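Visitor: Have a look at the structure that comes next, please.
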Amino acid sequence: MKIGLLTSGGDCPGLNAVIRGAVLNGIISHDDEFVGFRNGWRGVVEADFEEIVRHDVRGLSKQGGTILGSSRTNPFEGEGGGPENIQRMLDDNGIDAIIAIGGEGTLTAARRLVDEGGINVVGVPKTIDNDLAATDYSFGFDTAVQIATEAIDRLRTTADSHGRCMVVEVMGRHVGWIALHSGMAGGAHAILIPEQPKTIDEICEWVESVVDRGRAPLVVVAEGFTLEGMSEAHSHKGLDAFGRPRLGGIGELLAPMIEERTGIESRETVLGHIQRGGAPSAFDRVLATRLGMAAVSAVHDQAWGQMVSLRGTDIEVVSLQEATGALNHVPASRYDEAKILFG
Ligand code: F6P
């Protein structure tokens, strides 16, 4: 078969390992041919692709980013967009199926292309936030947690030296998995996540109790966290200086508020895209490779509209509908468990 690969949405450590796993399994097990669409769905809409041969994936599993490039293009928009145009482009170039590697937006588009146009698409979940339902973990999350944990460990020594409160903002637009895991791993005194809004008074109480115990407080906050009782207009949300929706910024809001209310000197650190850069962890390399290999098997099983997924230690196939229907939120029980450690 001739299979087209694409990576779409925000990049994520492990994307290249998926590509390598898919290409090696396809070539070795099935004698497949591969092309890579450039810059996500944009490459599909613009028929912009290149051949990928075995030599191209040599040493790729440890490389961060994506050799194919990425974008947030919607395949239903633009001149070559929509199921009919895409099917024609695939037929013209003898491409039998697409493996779409992406997050919620990418996989929703993939599902629509299958449902509305009968396009042969199989999905691979990608999210550093770990916000996709129907997979226990996605590659990229483990790497992001390791990077955030290392940053927390480093911030702790400078916090202790100065007796300051450190506020560390990590990624997590809709869910708080990176904050929860890095906060637990790094021994944070408070973890603030989108699923659990808190008032500034509650946060300050935690911070003061840490100081009372003779420690320098360390607060980990997910970028999507909302302060309870604060209006949108006065929060970090809204538009940035260029008119783009502001994603982060809660750390910069919280640290001065804590300092003002408690008198405890506070500093904020926003980790930002550092969490998405560089080489994937060994766990992510293995997971991404297995998902890529399984996606090729799914193509040969004609599992259109399905996504490969990690369930326990097994790679399974689930419907894209299930995967895109709801987000994978941090359950209250997991938060309560971590909260015992703040005390
Ligand atoms: O969804 C992954 C993610 O890294 C979020 O955690 C973050 O809010 C967003 O992407 C950032 O997007 P961009 O790279 O477009 O600024």
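Numbers run from 1 along the shown chain.
From the backbone N, Cα and C atoms, a Cβ is placed for every residue, glycine too.
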Visitor: If I go by TrEMBL, which of Gly10, Gly14, Gly163, Gly172 binds ATP at the same site as Arg72, Thr73, Gly103, Glu104, Gly105, Thr106?
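Guide: Of the residues offered, the record points to Gly10.
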Visitor: What does TrEMBL list, out of Glu84, Glu223, Glu316, Glu322, as binding the same substrate as Thr127, Ile128, Asp129, Arg164, Met171, Gly172, Arg173, Arg267, His273, Ile274, Gln275, Arg276?
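Guide: Answer, per TrEMBL (substrate site with Thr127, Ile128, Asp129, Arg164, Met171, Gly172, Arg173, Arg267, His273, Ile274, Gln275, Arg276), from Glu84, Glu223, Glu316, Glu322: Glu223.
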Visitor: Cα within 10 Å of Asp129 (active site, proton acceptor) is the criterion; apply it to the binding-site residues Gly10, Arg72, Thr73, Glu104, Met171, Arg173 and give the hits in sequence order.
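Guide: Within 10 Å Cα-Cα: Met171, Arg173.
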Visitor: Filter the recorded positions Asp129, Met171, Arg267 down to those with CB closer than 6 A to an atom of ligand 1; keep them in sequence order.
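Guide: Within range of ligand 1: Asp129, Met171.
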Visitor: What's the CA to CA span in angstrom from Gly10 (ATP binding site) over to Ile274 (substrate binding site)?
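Guide: Approximately 13 Å lies between the Cα of Gly10 (ATP binding site) and that of Ile274 (substrate binding site).
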Visitor: List the residues of the same chain that sit at least 6 positions away from Gly103 (ATP binding site) in sequence and have their Cβ under 8 Å from its Cβ, in sequence order, or write 'none'.
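Guide: Gly9, Gly10, Pro125, Lys126, Thr127, Asp129, Asp131, Leu132 - these are the non-local Cβ neighbours of Gly103 (ATP binding site), listed in sequence order.
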Visitor: Please compute the mean pLDDT of the model over the domain 'Phosphofructokinase' (2-298).
Guide: 95
